[in-house]
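Below: one structure, written as structure tokens.
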Amino acid sequence: MFLIIFILPTTLAVIGDFNCTNSFINDYNKTIPRISEDVVDVSLGLGTYYVLNRVYLNTTLLFTGYFPKSGANFRDLALKGSKYLSTLWYKPPFLSDFNNGIFSKVKNTKLYVNNTLYSEFSTIVIGSVFVNTSYTIVVQPHNGILEITACQYTMCEYPHTVCKSKGSIRNESWHIDSSEPLCLFKKNFTYNVSADWLYFHFYQERGVFYAYYADVGMPTTFLFSLYLGTILSHYYVMPLTCKAISSNTDNETLEYWVTPLSRRQYLLNFDEHGVITNAVDCSSSFLSEIQCKTQSFAPNTGVYDLSGFTVKPVATVYRRIPNLPDCDIDNWLNNVSVPSPLNWERRIFSNCNFNLSTLLRLVHVDSFSCNNLDKSKIFGSCFNSITVDKFAIPNRRRDDLQLGSSGFLQSSNYKIDISSSSCQLYYSLPLVNVTINNFNPSSWNRRYGFGSFNVSSYDVVYSDHCFSVNSDFCPCADPSVVNSCVKSKPLSAICPAGTKYRHCDLDTTLYVNNWCRCSCLPDPISTYSPNTCPQKKVVVGIGEHCPGLGINEEKCGTQLNHSSCSCSPDAFLGWSFDSCISNNRCNIFSNFIFNGINSGTTCSNDLLYSNTEVSTGVCVNYDLYGITGQGIFKEVSAAYYNNWQNLLYDSNGNIIGFKDFLTNKTYTILPCYSGRVSAAFYQNSSSPALLYRNLKCSYVLNNISFISQPFYFDSYLGCVLNAVNLTSYSVSSCDLRMGSGFCIDYALPSSRRKRRGISSPYRFVTFEPFNVSFVNDSVETVGGLFEIQIPTNFTIAGHEEFIQTSSPKVTIDCSAFVCSNYAACHDLLSEYGTFCDNINSILNEVNDLLDITQLQVANALMQGVTLSSNLNTNLHSDVDNIDFKSLLGCLGSQCGSSSRSLLEDLLFNKVKLSDVGFVEAYNNCTGGSEIRDLLCVQSFNGIKVLPPILSETQISGYTTAATVAAMFPPWSAAAGVPFSLNVQYRINGLGVTMDVLNKNQKLIANAFNKALLSIQNGFTATNSALAKIQSVVNANAQALNSLLQQLFNKFGAISSSLQEILSRLDNLEAQVQIDRLINGRLTALNAYVSQQLSDITLIKAGASRAIEKVNECVKSQSPRINFCGNGNHILSLVQNAPYGLLFIHFSYKPTSFKTVLVSPGLCLSGDRGIAPKQGYFIKQNDSWMFTGSSYYYPEPISDKNVVFMNSCSVNFTKAPFIYLNNSIPNLSDFEAEFSLWFKNHTSIAPNLTFNSHINATFLDLYYEMNVIQESIKSLNSSFINLKEIGTYEMYVKWPWYIWLLIVILFIIFLMILFFICCCTGCGSACFSKCHNCCDEYGGHNDFVIKASHDD
């Protein structure tokens, strides 16, 4: 239970809730705690502790910690009894607020029994509600042993301890627990039983409890520290009952002196042994503040400015709107109807009061934590309104509610705003009183037939995916479109008017015509085409419900064409459910969003006070509807408040006005005085004299905190305290100068009391540092005689001076500079408010100042000044005629242009040819000359070829040749030859190209067939792999079930480990790192802007100085020495320079001097004085002469070089010395401060309640493997067998005239052969051998000439 986190009011605190005993209890003893006569004296280290148990040697240290107030009183809380206990001992003032902590001074009562020394003193208890739901710290002595425990005790209602030395009539009884209580800390420490006093220092800071202890010496040493994470609110000292202890015997009395601690700054002094020998509470007195400012226990004499004693509010103005109703938040939280995360509910509470303590007590709280808000600050605060959201928690999705989580609950149901000031409440309701309201808030879901979720009574519905649609969305297809579908025909129906039907197209495949292809297939969660699906996945925003669940459009509509569109219940996708029941209670989440902190009338009345009167004219503390501060109320007449407004703010968000609802009066709120207080301190005195500058003593006495002083009065400078008014008395020397000719004079008390009987050693007197002296009776010096040097010789010198008057203007994109394009950084940067706007505003002001400065300089230069140019000096050289073109590179539109322009691309067509090896050679041959067409005929495998593409010029040429050949045969027949060759060669080119394409087709077919074989093998391997995966996964699932059973008993340890991991891997770590980077960059940017402001100040000062020098040096001759150059000014020139002006000064500079005696004036006859005019009176050879101040030239004194005076007196006024504070701020130890902050950074651990019904599901991949096997068979049946294209071999035949010539030649050959055979002797011999073959020649008729043509 986290109720104990909050500080409970004193009136609600009780000691324990278990009545251990009722015997011998009464309410007769009305003792109240004694108040000590001694006060806290920290000068010897009382109340201090050694800082983090560290050692410091021979040093003085300023340290801020939890200390008692110097001069505070102690209260004795020791209670002693014998037989009876009083009920009043367990109520205030004995039951006290712990607040920051306490310092205890405990008497060690020593009793001797049977020659044995016993140590007795009371036990102290520190806790909050003192029951077993919170931790209680108990420090109990056991005769030399300190037993210190921090446990969840069940404290008795009337607890007490008994005397160990002599026994007691009663039995010790201070807690009772049925079992051993849960303890965070349990340890024993020893202490010195012989010590007279024991000192304890207990305090808490940011959830950590610290304990310090000492039994020798008064500074305490570190004992232990313990992180509780809660606030300890109360403490009390348990009564000690004993037979022997008597209040009448000093050595047997009990004393337990306690004083509260507060966060204060102390000055500590450590000696050479590291022991604290002296201490000062910096805010306890005026002297202590001076000691802390100087970090010295013996400050030097001087005047110091103080700040710690400026304001003392004398009253409190508290205002709340009366009679507001109760918000009744608890009634709404305990309502039996609980919504699901899908339809979470919201309620806004305003203009009412709520009691957070009561609220958390009336609901069964599991945890309560806050984000961007200290939950302890809710008590007593007011808000504009409180927004409360709630819903039941599905058990398996509890982790989704962690801040920054992206689980289903926050991505698709309810988004927690981590940037708002909010608190998260986890609570539960009894099972019998809960009704889960599972409702779909989506209107477009309900339009198309969404009914109920059909889940059990305690199941909570939540969305896994959210979808948004346009207002004209309809999930049904158009009947007129899908009626023509042959395959994959979807359901259809009539959509409502104004909506669009589901998009469906008729498509044609290789085997099926009119195949329907519709959108959002197979469903909107896993659609193939998310861009065309009208259902878009979305993430819920802050304050938004899920727009709608997904709809499987395949299940929307009917087979009837004229029915209205509706969807079946199983068409709605993307939702889940789980039970909210745990331990017979339903777990519920509620988010409190606090709007307008300290700016409204929705107030917590946990610490409610009564409305008070408005005190005017004095400094008061105020609490106006939760807004706190200090100020002075002054009644005014104001008509600018509306009836719903009651506070007036300035542009910086500070409250400056107030309208009282009770009296209808209006007030302006002025700040309390926080001005300058000067303390005049004389070394080794006991206190300083004070000067409240510009304040009347009447205001000081009513509003300013100070030690009562009998001496105060109003002076010209302000109210003076602890000094005597003696302004009629003057002194010539003063160590404590207050300014304006006044001084604080100090005299030792002993001598002053004898002469005047004045108790204060300080006097407020007039300061007159000099008296007039005379040299002789006739002519006397006025103001003294001095020795100076006057120039006697000069030389002309030149001097160059540059003054910057402007600079380049700077503008910065602050957001881009810090974050670039990182969205998370931009989101976090927005929380820094108007920082970036202020940066740009400052830079704009800087730029405006630059403009104004430039204008002022220009105006000064335009009036009677000629700018000099081309001045060659020893500091400058001409920079004319420098050529920068080589640095600029290529400029203009011609850079990077190619030989082909865009115009050429538009005017000419580009033709790309498939080249099998001769087109490139042809182009290289022609070189762009089309007339070389036939000259560049290429040979490809022995065949003459040309590219099959002709340009317009080539077509015209060949056509003309063919036409001429046909018109004038036979003379022009030769003109047709080029045309014929051109056609034939290009046909050859097409032929060889087709041959290559045929070969490529074969290669493609072979490669594709090989790919199909590879795919087939791959699917086969995949099927085998899936089979293996199935066996391995099932084996792992079996092992996982066994492992979960083994981890069941040890799950608590795992949860603890996860908590430790979460503490290191917190979701906020990324934001912390981003915030560090932003802080670093903002610091750099702020430093840069600060430098810009500093620079513009210098530039503005430089511009003013430049204008002054233009007016005094350039336009005229300056009488000032070393202002226009070095020496006496002669002439100055000015020239423009980058970002400024260059001055060239000419002056004459002294080279030699003469030492003379001079006097500021002379007194003649003792009653009339003269003073020199633009020179000096010098004493030369016992006579007085006059000389100029810039050149030694003595001349007689005359009425032309003197000024006459009525008297010879001199009035002296001297400015006071102001001592600047040169002390270096003392920062606390970095590691200690870091540990204090870091240990409070905690994370909410996820709910890791073990579900014993977890079962690892075995995978069944049989169906998937069958599908893959079928795919393999289908691929096998789709093997491509490309038909090979036949190749035709063409033989080129000879022309007909060649064949005719061959026949003629053959006949001639036969005739010659016949002649030889028949007409010569050789032929007769042959005939004889042929056996009359010639005779048979003409009768043979079977000779056949066979010709074979394969074509």
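Placed from the backbone N, Cα and C atoms, the Cβ positions cover glycine too.
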- Query: In Swiss-Prot, which of the ranges 97-101, 797-801, 1347-1351 has the motif 'KxHxx' annotation?
  - Reply: 1347-1351
- CYS603 has a disulfide partner in Swiss-Prot; which of CYS382, CYS819, CYS825 is it? CYS382
- Name the cysteine that pairs with CYS352 in a disulphide bond per Swiss-Prot, restricting the answer to CYS292, CYS327. CYS327
- Query: In the structure shown, which of the disulfide-bonded residues CYS151, CYS382 has the fewest Cβ neighbours within 10 Å?
  - Reply: CYS151
- Task: Note down the number of other Cβ atoms within 10 Å of the Cβ of CYS20 (disulfide bond), including every protein chain shown.
- Result: 17
- Given the glycosylation sites ASN335, ASN355, and counting only Cβ atoms in the protein chains shown, which has the most within 10 Å of its Cβ? ASN355
- Can you check what DSSP calls CYS282 (disulfide bond), collapsed to helix, strand or coil? coil
- Item | Among CYS163, CYS242, CYS936 [disulfide-bonded residues], residue with fewest other Cβ within 10 Å | CYS936
- ASN664 (N-linked glycosylation site) to ASN335 (N-linked glycosylation site), Cα to Cα, whole Å, comes out at 40
- Note on the structure: When each of the glycosylation sites ASN188, ASN725 is scored by other CB atoms within 10 A, the minimum falls on ASN188
- Message: Suppose we draw a 10 Å sphere around the Cβ of CYS603 (disulfide bond). How many other Cβ atoms does it contain, all chains included?
- Response: 22
- Could you tell me which three-state DSSP class CYS292 (disulfide bond) falls into? helix
- Item | Fewest other C-beta atoms within 10 angstroms, as judged across CYS156, CYS183, CYS292, CYS327, CYS352, which are the disulfide-bonded residues | CYS183
- Message: To see if you understand the setup: which same-chain residues, six or more apart in sequence, place their Cβ under 8 Å from that of CYS423 (disulfide bond)?
- Response: PHE368, SER369, CYS370, ASN371, LEU373, LYS375, ILE378, ASN591, PHE592, PHE594
- Message: Measuring Cα to Cα, how many Å separate CYS183 (disulfide bond) from CYS156 (disulfide bond)?
- Response: 18
- Task: May I ask for the distance between CYS20 (disulfide bond) and CYS151 (disulfide bond), taken between their Cα atoms and rounded to an integer number of Å?
- Result: 18
